[in-house]
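Q: Once you've had a glance at the structure underneath, I'll fire off some questions.
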Amino acid sequence: MKTVFVIGSGTMGRGIAQVAAQAKYEVYLSDIQLDIVKRNMDIVEAGLQRQIEKGKITKGEVGDILGRIQMVQNLENLEKADYVIEAVLEDVALKREIFKEADRKAKPEAILASNTTSCSITEIASAVAAPERVIGMHFFNPPVVMQLVELMPGILSSRRTVEKAKEFVVSLGKEAVTTKKEGPAGVTSRILAGLLNEAIWVLQEGIASVEAIDRAMVLGCNHKMGPFALIDLIGVDIHFAKTQMLYKKTGDARYRPCYLLEQMMAAGLLGKKSGRGFYDYSKDPVVPTAFFDK
């Protein structure tokens with residue numbers, strides 16, 4: 001039985017852990033404190049319970065999935081892993097520190113992957129003794145639902161690492177797209193960031209409302225959700241950081257963050273995770289936040 005070690009138990013980390021456990025991998029889910037892991041595992045369990053209620057999974061299957069996920073603190077038991085997946089904050093210095101320690105603890109044949117879209121894989125890999133085994137492995141939110149995993153090799157990632165990463169993704173029941181070379185934010189996130197940013201500028205210029213823009217993209221372009229609903233799901237602060245990074249690295253005005261995002265962050269309007277973003281999630285049905293109804 002292959003083993004997966006997930007570093008970071010937040011939204012992406014816990015989702016990746018669940019996906020791996022559902023694919024019958026033994027999983028270690030870690031964070032800096034066990035209490036943090038436990039809180040996030042409670043969220044996983046609650047989500048699985050809802051699937052039982054909908055008749056999509058049995059109670060026995062849920063027990064098996066949860067039984068395959070072990071909660072650990074920091075990098076305890078990392079030496080047992082065949083695949084190490086880091087899913088912490090988009091802070092390259094933090095990631096380099098984690099990878100440096102993971103490289104020392106992991107067995108030589110283990111793959112070291114980062115779920116990043118904003119940080120350079122080559123820069124992260126430069127912190128380890130064996131940069132050839134490092135690769136970007138970006139899951140999409142929520143990992144349990146989304147089928148795509150984007151693989152982003154760094155300059156020194158080996159062919160073996162890329163092939164093993166592809167095999168792993170397929171074993172999870174997902175599909176992989178591999179970039180030909182390293183670039184800021186890869187493929188999907190870079191294209192999406194430009195689209196979402198343009199929607200914000202259209203709103204800022206007063207051309208259309210939050211609801212009108214979202215409905216236009218859902219009904220006119222067959223998107224599953226509008227750009228503002230998606231930004232709220234991603235997190236206003238996360239989108240701001242990504243576009244700011246892309247603007248800095250490319251100099252392309254398409255990625256210049258709108259000042260509106262800074263206002264929203266200052267007001268605590270971060271999206272679904274804070275209860276309000278472009279939409280107010282305390283209302284039933286959900287409506288645009290009052291700020292955007294003025």
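The backbone N, Cα and C atoms fix where each Cβ goes, glycine too.
Copying in the features that TrEMBL gives for the protein in this structure:
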- 3-180: domain '3-hydroxyacyl-CoA dehydrogenase NAD binding' (DOMAIN)
- 187-281: domain '3-hydroxyacyl-CoA dehydrogenase C-terminal' (DOMAIN)
Q: Mind looking up the mean pLDDT for the domain '3-hydroxyacyl-CoA dehydrogenase NAD binding' (3-180) in the predicted model?
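A: Averaged over the domain '3-hydroxyacyl-CoA dehydrogenase NAD binding' (3-180), per-residue pLDDT gives 97.
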Q: Mind tallying the domain '3-hydroxyacyl-CoA dehydrogenase C-terminal' (187-281) by DSSP state, helix then strand then coil?
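A: Looking at the domain '3-hydroxyacyl-CoA dehydrogenase C-terminal' (187-281) with DSSP, the answer is 66 helix, 4 strand, 25 coil.
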